[in-house]
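Lifted from Swiss-Prot, the feature list:
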- R40: L-glutamate binding site (BINDING)
- A74, S75, F99, T155, D177, Q200, N241, T242: pyridoxal 5'-phosphate binding site (BINDING)
- K201: N6-(pyridoxal phosphate)lysine (MOD_RES)
Amino acid sequence: MIYNFGAGPSVLPKEVLKKVQEELLDFEKSGMSVMEISHRSKSFQEVIDEAQSNLRDLMSIPQNYKILFLQGGASTQFSMIPMNLALGKKAYYAISGAFGKKAYDEAVKLSQTLDFEAISLGSTQSEHYNHLLKIDKSKVDEKMAAYLHITTNNTIEGTTIFPENLPEVNSVPLIADMSSNILAVDYDVSKFGLIYAGAQKNLGIAGLTIVIIREDLLNQKESLSSMMDYRILAQNGSMYNTPPTFAIYLAGLVFKWVKEQGGVKKLEAINRQKARMLYDLIDQSDFYQSPVLNEAERSICNVVFTSPSKELDALFVQKAEEKGFKSIKGHRSVGGMRASIYNAFPIEGVLELVKFMKEFEEENK
């Protein structure tokens with residue numbers, strides 16, 4: 001049996017893959033693959049409308065928010081967000097992981113040519129991002145603030161800002177990169193001005209990025225590039241140009257699957273159960289360590305851990321691969337191991353990994 005612990009692209013629900021296989025050559029008796037039908041066709045309009053409706057239901061997205069299906073990966077949002085929201089203002093960033101730093105660095109680069117200021121509220125980089133940044137609200141100029149940017153789940157480092165720990169910044173829009181825990185943890189969308197997520201972790205396949213934006217934040221000026229303008233993209237129903245049709249279709253199937261599993265709250269409970277099995281073993285062991293400083297900040301999507309040495313880490317990864325545990329090697333910047341156990345990852349795979357970890361410890365301690 002193969003278990004895919006990849007951080008993204010990652011495991012997809014078997015039911016979704018079977019549905020794709022079933023419809024691949026003939027979508028809804030059209031005689032064409034969904035990859036072949038026009039994005040302007042009635043058939044595809046129904047696909048994108050249903051996907052949008054199901055996502056709105058799953059996340060309880062208020063009606064004053066637009067849902068956009070975009071290209072370019074979540075990293076493109078590092079540029080689009082300040083371009084659309086920050087002109088003439090101050091853009092604040094809380095940096096608790098590598099992707100948060102990338103978002104900030106991109107804003108700094110843009111601020112050299114565009115009229116806004118990119119401001120870091122601090123970083124935990126010097127501690128290897130082993131904990132989340134404590135945000136000092138007094139450093140935020142509310143009158144001039146365009147937004148505060150956070151990353152809800154740090155895929156590489158294995159930390160999460162859970163809903164109860166979201167920063168409260170009054171009227172300042174909260175912007176969140178939710179790429180690795182959207183639909184895996186239940187957040188109140190109304191607390192955010194904008195949410196974005198690459199699809200290849202919990203939503204589907206690479207090539208699609210979801211943006212959920214409050215309508216009052218849509219850019220009112222026409223000076224931006226049309227392809228980078230949320231307002232134009234929203235006005236055109238995510239089809240200003242040809243969208244990633246197959247990725248949208250597949251995400252729509254994932255949304256249906258999430259509903260069939262009982263919704264986000266139900267999956268979050270299952271994800272917590274899966275993560276707890278691994279963290280319990282790590283905490284009870286003198287062999288394995290979690291690099292995350294605070295237990296309350298541990299991710300339930302990306303469980304990061306190490307053994308007593310880099311040599312044992314390498315041996316663990318080798319033996320794990322031989323056992324069918326794929327892509328469990330930690331990110332190159334961190335090392336160790338990382339078990340990404342997103343929504344579609346089966347609980348049986350976690351049980352098998354726990355068994356393997358115990359055996360490996362006995363053989364190598």
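Cβ coordinates are placed from backbone N, Cα and C, and glycine is handled just like the others.
Overlay of Swiss-Prot annotations on the structure.
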residue : record                              : Cβ contacts under 8 Å, 6 or more apart
R40     : L-glutamate binding site            : M239
A74     : pyridoxal 5'-phosphate binding site : F99, D177, S179, Y196, A197, G198, T209
S75     : pyridoxal 5'-phosphate binding site : K102, E106, G198
T155    : pyridoxal 5'-phosphate binding site : A7, G8, G97, F99, S179, S180, K201, S299, C301, N302, H331, S340
Q200    : pyridoxal 5'-phosphate binding site : G8, P9, S10, A206, G207
N241    : pyridoxal 5'-phosphate binding site : M227
T242    : pyridoxal 5'-phosphate binding site : H39
(request) Using a 10 Å cut-off, grab the number of neighbouring Cβ atoms around the Cβ of K201 (N6-(pyridoxal phosphate)lysine), all chains included. (result) 30
(message) I'd like the Cβ neighbour count for D177 (pyridoxal 5'-phosphate binding site), meaning other Cβ atoms within 10 Å of its Cβ, all protein chains included.
(response) 29
(message) Is it possible to get the count of other C-beta atoms within 10 angstroms of the C-beta of F99 (pyridoxal 5'-phosphate binding site)?
(response) 22
(message) Pairwise over A74, S75, F99, T155, D177, Q200, N241, T242, annotated as binding pyridoxal 5'-phosphate, what's the top Cα to Cα distance to the nearest Å?
(response) 31
(request) Could you say whether, by DSSP, D177 (pyridoxal 5'-phosphate binding site) belongs to a helix, a strand or a coil region? (result) strand
